[in-house]
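As written in Swiss-Prot, here are the features:
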DOMAIN    68-206  domain 'Flavodoxin-like'
BINDING   74-79, 121-124, 157-166  FMN binding site
DOMAIN    237-451  domain 'FAD-binding FR-type'
BINDING   T325, K359, R389, L390, Y391, S392, T407, V408, G409, G422, G423, S424, S425, Y602  FAD binding site
BINDING   S522, R523, K528, I529, Y530, V531, Q532, D564  NADP(+) binding site
Amino acid sequence: MKNKNPFNIFFPLSLDKIENLEKIKKNCSSIQYAWLSGYFWNLANQTPSRLICEKNEFFRKDNEEKIITIISASQTGNARQLAKRFNKYLKNENKKTNLIDAADYNFKKIKNERFLILIISTQGEGEPPEEALSFYKFIMSKKAPRLENLHYSVFGLGDVSYNLFCQAGKDFDKRFSELGGKSLLHRLDSDIEYESNYIQWSEELLLAINKIDVSTCSVFKKNDKKNFIDKLNYTKYKPAVATVLLNQKITGRNSTKDVHHIELDITNSNIVYTPGDALGVWYQNSSQLIKQILKLLSIRISDKVKVKDKIITIFEALKKNFELTTNTKHIIQKYTDVTQNKFLKKIISDNKKLNNYVKKTPLLKMIYDHPKKLSSQQLISILRPLKPRLYSISSSQSEMNDEVHITVGVVKKQISGTIHLGGSSSYLSQFLKIDDSVKIFVEEKSNFRLPENKDVPIIMIGSGTGIAPFRAFIQQRDNDKATGKNWIFFGNPNFTEDFLYQLEWQKYLKKKLLTKMSLAWSRDQKEKIYVQDKIRENGKELWEWVNQGAQIYVCGNASKMAKDVEKELLDVFSKNGSMDIEESSEFLNNLRITRRYQRDVY
C-alpha cells in the first residue's frame, strides 16, 4: 500500500508524477536533460501573480482555505469595536475572517487555527474580561494543546495608571509563545488613547499576514489610514441624543448611599437594546470644579487651547474633553514635571508611597495642596481624555418601548473634610434635569443574556446598583410570559433606606412571577449579613435549582462581592454535589462555558 504524498508547495508533485519522471529520467541523455530543463522553465516563467494563484491552488486541493480568526475579549466594548473594525479592514483586502467574541469561541479547537488575532482588555487586578475567563483558564492549563501551526497577534487594551497594565494580553501572548505559536507582530499594549496605535498595528499586521498567507490573488494596496468603522446607527463616537424624563432618588433620606433612577426618552433615536446591555453616557464636568482648578493654577476661563485641531476655551475643553475627577500615577508624574514640586518629587520616587497617594488624593486636592501657575496648554498636557461611563440598563424595551432606564449610584469620597464626587455619577444625578439632553450609546453585552428557553429557571445575585440588570430581566420575563422560576438574591445596608425598587419586587412576588427573594441587610443587625451568607443559608435549595437547569447571574463589584459570591457557590457545589474543591471549580467552569453562569462585574 502506497503512502500518500504530503502535497504542498515545497513538494508539489504526487507520487505518481514522480514515478513518471523517474521513468523519463532513465532514458534521457545529458543534452535531453538540458532541453527538458529549459522547456519546463519556460512554462514556469510566468507573472508573480499567476505563480501565487497556482501556489494557492495547491493549498486549496489538500487544505481548506485558511481563515483568520479574530477574537474580541471586551469589558467595556472597546476591544469589541476594534475587532469589528479590523475584521472589516481584512475583508476589504479579500481575506476570509471569522469574527467572534471570546465567550462564543470554541477554544478546545484552537489547535486547528492557522491565524488568530486576539484583541483583549484587562480588568481588575490584571484579570481577563469576564467573557474570556474560560478561554484563559483553558489556555493556561495543562490541557492546552501545542500550537506549532499557529500564527498569532495580541492587541492589549488597558489603563496605564494600573500596576498590571494590559496584563491579560501579556499573559495570552506569553502562553501562545510557550505552546509553540509564532507571533506575527510584537504584542501591542495600548492605553485609553489607542486610535493611532491601532491604525499602525492594523497596517503592519496585514503586511505580516500577507507574507505568510497567499490565499488571495489580489495585489496588496495600501489602505486609507482611517480604516473602516462599522456603520452602526450609534456608537461611542457617534452617540445618540436622549432627553431626561425622570431623575429620582430611590434611597432614603438617612441612607449612606445616594442612588438615582433615571429614565431617558429615546423616541427619535431608533436605539435598540436588550436586557443585559449597558448604556454608555458621555458626561460633562462640573462648572464649579473647573473654576476651582483654573483659579488654583492662575488660568483664565477664557484662555484658548488647542484640542483635536480645534481652538476652544480652556473652560469648554475641561467641560467635555478631559477627566477631572480621576487621578493617576501618570498625572502625578506629569504634574510634578511641570511644577517641579519637591514634595511630589519625593512621592514619585517611592512606588509604594505613590500608589498610596493616588488612592487618597483626588486631582483637585493635589492641585489645592500644591498650586502652581500653569498655561492652559500645560494643564491639558497632564490630563487624560474624558471617557464615557457605562451603566447596566435597568429596563426592558419590550416593556418600556421608547425609554431606557439606568440606576446610578453617586460616587462620594470624603478626604480631609471635603466631599469629592465622581464626575459621571454626579453629572447624572445632580446636574441633569427634566428635558435636559444627554449623549448616549448602547454597549452590547452578549455574554449576559436571559436564556432563550423561557422555561429555564434563573438565579439572580446582586448587591447595591447590581440589581439594575435584574429589573430589566424580570420585566422581560413578565413580557414574555416566561414559565421558568425566578429567584433573586439582593444585598444593601438597610431594609428601610436601601431596598431599591421595593414595590416592583413585591408586585412580582405577589403575581408569582418572582418565585423567591433572599435579602441581605448588612447594617440592620450587629452581625453583618451579605448576599454570600444568604447563598450559604440556601445552599441545598440553590443546588436543586442548578440541577433543574437554572442559569446563574451575578452583577456587582468584581473585587469584593463577585469574588465572595463565587467562593460561596464553589462551597455550595462541593458540599451538596459531593465534590472536592477541584471538581467544584471544574463544575463551575463548565457552567460558565455553557452560559449557565454569567457575570456582569465592574
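Using N, Cα and C of the backbone, Cβ positions are placed for all residues, glycine too.
The most densely surrounded of the binding-site residues R389, R523, K528, judged by C-beta neighbours within 10 angstroms, is R389.
A separation of roughly 29 Å, to the nearest angstrom, links the Cα atoms of Y530 (NADP(+) binding site) and G423 (FAD binding site). For D564 (NADP(+) binding site) paired with G124 (FMN binding site), the C-alpha to C-alpha distance reads 15 Å.
Long-range Cβ neighbours of Q532 (NADP(+) binding site) (same chain, at least 6 residues apart, Cβ-Cβ under 8 Å): M561, D564, V565, K567, E568. DSSP gives T407 (FAD binding site) a strand state. Between the binding-site residues Y162, F165, Y391, Y530, Y391 has the most other Cβ atoms inside 10 Å of its own Cβ, all protein chains included. Ranking the binding-site residues I529, V531 by how many Cβ atoms sit within 10 Å of each one's Cβ puts V531 at the top. Comparing T325 (FAD binding site) with D159 (FMN binding site), their Cα atoms are 16 Å apart once rounded.
Across all of the domain 'Flavodoxin-like' (68-206), the predicted model scores a mean pLDDT of 91.
Looking only at Cα atoms, I529 (NADP(+) binding site) sits nearest to Y162 among the binding-site residues S121, Y162, F165. Sorting the domain 'Flavodoxin-like' (68-206) by DSSP state (H, G, I as helix; E, B as strand; all else coil) yields 58 helix, 32 strand, 49 coil. Cα of Y162 (FMN binding site) to Cα of R389 (FAD binding site): a span of 18 Å. For the pair formed by K528 (NADP(+) binding site) and S74 (FMN binding site), distance between Cα atoms is given as 34 Å, rounded to the nearest Å.
Comparing F165 (FMN binding site) with V531 (NADP(+) binding site), their Cα atoms are 31 Å apart once rounded. For G77 (FMN binding site), the same-chain residues 6+ apart in sequence whose C-beta sits under 8 angstroms from its C-beta are K236, A278, G280, L390, E443, E444.
In the three-state DSSP scheme, R389 (FAD binding site) is classed as strand. Non-local neighbourhood of T407 (FAD binding site): I250, V259, H260, H261, I262, Y391, S392, S394, T465, I467, A468, R471, L500, each in the same chain, at least six residues away, with C-beta under 8 Å from its C-beta.
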